[in-house]
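Taken straight from TrEMBL:
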type   : residues : note
DOMAIN : 103-225  : domain 'AB hydrolase-1'
SIGNAL : 1-25     : signal peptide
């Protein structure tokens, strides 16, 4: 090939590809309007459960300051410390402290893609509080222009700052694609750190969903090669391999509609801008590793993937031994690929909601 297919496919994962444009009100500095709805009813194991949550849906936006320390300074020597703002967005903030339906904290994919493509969670899970934020270096949270400022550890530091700023004490964690890597590493960090009985207002992650998130990046890249080879066997035309890969393994909507969605072009445009974190450096060679023997129990987890996902079954099954318990479920969406939320929204939402409901108390 005259181009690097692996680089392109790496970009698919790291940018999570299919973004959903938010309404212009979300892009502004003012809160979104309130819309009144009925009290929530959710499905759980085939039965109806009533959650006594507030019926009005409100959208709240805010920001929190984080810092980065990296090489630089005058003449390229020493270190530089810079300060930046991370923008967050809370759906249904009035239910943030609900004891019956704990809020969901969302970690988007990337690095380098804003959280907008996960906003449809508001439609399929309308009555819980959902916290979205753009990780530093993308979207509404511009950051340093050097890759030295970005790492999994620094992203975890940011996550802890966001949790503290919002005041989350009980929450469910949802990570999609690269966000699933961050979610796992956050749970592992907390488990290894242990609780501090003297610390008031400590946060508790009740459970987690890792959606289309690999357990081993190298293994995922090898799977990409195999999937690409299969497509070339079906049709050796290399000029169409990228489009065919996207349509089958990234977002099935491409195949059904016969064209790439416009947000795809927007993602690539944003990825090249200064202050945007993108690339494989921060997760190169990463694999999920079990926490220390002395660690506390990690939260129960469900790993989701689409049947045609480029994050293959083997990539997901590797999650199980990385937890220090056996409460890890694996769920496959039969008709989906990497973006199950966009392809099977209703079914996807019911699965997510049912799982989180089981760990609310």
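Glycine residues also receive a Cβ, built from the backbone N, Cα and C atoms like all the rest.
Looking only at the domain 'AB hydrolase-1' (103-225), the predicted model's pLDDT averages out at 90. The DSSP breakdown of the domain 'AB hydrolase-1' (103-225), given as helix, strand and coil counts, is 51 helix, 26 strand, 46 coil.
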